[in-house]
Amino acid sequence: MAIELSGKPVAEKLLEQTLKTVEDLKKTDCFPTLAIIRVGNEQSSISYENAAIKTMQRVGIAVESMVFDEAASLETVIQSIRDLNQNKNVHGILVMQPLPETFSRYKVARCVDPTKDIDGITPLNLGLIVAEATHTLVPSTPKAVMALLEYYDISLEGKEVCVIGSSSVVGKPLTLMLLNAEATVSNLHVKTKDIKLYTQKADIVISATGVVELLKAEDIKDDAVVIDVGFGYKDGKPVGDVRYKEVSDKASAVTPVPGGIGVITTAVLAFQVAQASWKQCSD
Ligand SMILES: NC(=O)C1=CN([C@@H]2O[C@H](COP(=O)(O)OP(=O)(O)OC[C@H]3O[C@@H](n4cnc5c(N)ncnc54)[C@H](OP(=O)(O)O)[C@@H]3O)[C@@H](O)[C@H]2O)C=CC1
Ligand SMILES: Nc1nc(=O)c2c([nH]1)NC[C@@H]1CN(c3ccc(C(=O)N[C@@H](CCC(=O)O)C(=O)O)cc3)C=[N+]21
């Protein structure tokens with residue numbers, strides 16, 4: 001039976017550090033503020049927004065939410081990002097995914113001021129991962145996965161790791177971070193012919209697709225570590241990409257949903273807003 005890799009202690013550690021930074025910033029009249037832009041009403045984005053607002057409240061970070069109708073134009077959203085870039089009272093900008101299908105993610109990402117890019121979506125901040133720069137702003141979820149692995153002392157050097165999902169906000173940057181940590185990484189996606197061929201050999205399987213209960217016990221080897229990034233809904237309740245019960249009979253360790261990567265992601269987000277505020281307020 002697998003051990004449960006709870007995200008809570010990992011998040012607590014990050015939030016303690018963040019709270020101290022925010023308190024120090026407030027003493028210098030710097031009031032860290034996060035702006036959230038959401039287009040449409042996708043359920044996992046609303047969950048993230050609500051969870052993020054609660055976490056920010058806990059550490060004293062202010063939040064301004066801007067919600068656009070699904071039919072809003074790309075130009076309107078880009079203009080609001082440009083306004084936030086100029087606004088000295090806003091230190092971090094989070095653009096919720098998914099965006100409407102007609103939007104170019106790249107056109108949106110390149111407009112964000114890299115110093116306010118607390119979700120690491122700009123070409124500059126994504127490129128800095130390839131360059132192996134440290135202390136940069138990176139996508140929160142991949143950083144959350146790396147923080148969980150470090151907290152539970154799960155080494156990566158020389159390990160076979162499978163990442164399912166190749167989005168620019170989770171799968172791709174995570175693959176690069178794992179590679180930087182000297183793992184041998186396979187990145188799988190919709191066009192991968194036989195996912196099992198890779199997952200059944202892997203020491204660590206990380207699933208980030210949003211396909212509810214995609215990963216089964218037969219897909220992994222005995223004693224694998226399984227990280228569930230997915231956040232979907234079944235019968236109105238949050239569930240991940242992993243069939244938790246059957247997979248935990250075979251794996252050595254599994255993250256739960258809820259209570260796993262999600263809680264660390266919001267803590268990383270708060271941490272990065274505090275870091276970005278520190279830089280902007282000391283300039
Ligand atoms: N817990 C947390 O903190 C977070 C959770 N999430 C959740 O993680 C999931 C992924 O998010 P995100 O990356 O933004 O989503 P995207 O929809 O942008 O990307 C999904 C990725 O999964 C791949 N994929 C989809 N179906 C399959 C399949 N059947 N087999 C293999 N690969 C597949 C897609 O492949 P292709 O590229 O070929 O289409 C794509 O690369 C969502 O459920 C999201 O809500 C996201 C961020 C944080
Ligand atoms: N630009 C962008 N970056 C993201 O990282 C991003 C996004 N867009 N769009 C939506 C998805 C989804 N996502 C979640 C993060 C945390 C929880 C979370 O905190 N979940 C709690 C439970 C919350 C609940 O029960 O509603 C938990 O897992 O325990 C959920 C979902 C981030 N995403």
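Here the Cβ of each residue, glycine as well, is placed from N, Cα and C on the backbone.
Residues or ranges marked as NADP(+) binding site in TrEMBL: Gly165, Ser166, Ser167. DSSP assigns Ser166 (NADP(+) binding site) to coil in the three-state reduction, placing it in neither a helix nor a strand.
Remark: secondary structure over the domain 'Tetrahydrofolate dehydrogenase/cyclohydrolase catalytic' (5-119) totals 58 helix, 18 strand, 39 coil, with classes taken from DSSP. Residues or ranges marked as domain 'Tetrahydrofolate dehydrogenase/cyclohydrolase catalytic' by TrEMBL: 5-119.
The domain 'Tetrahydrofolate dehydrogenase/cyclohydrolase NAD(P)-binding' feature in TrEMBL is assigned to 139-277.
Averaged over the domain 'Tetrahydrofolate dehydrogenase/cyclohydrolase NAD(P)-binding' (139-277), the predicted model has a pLDDT of 98.
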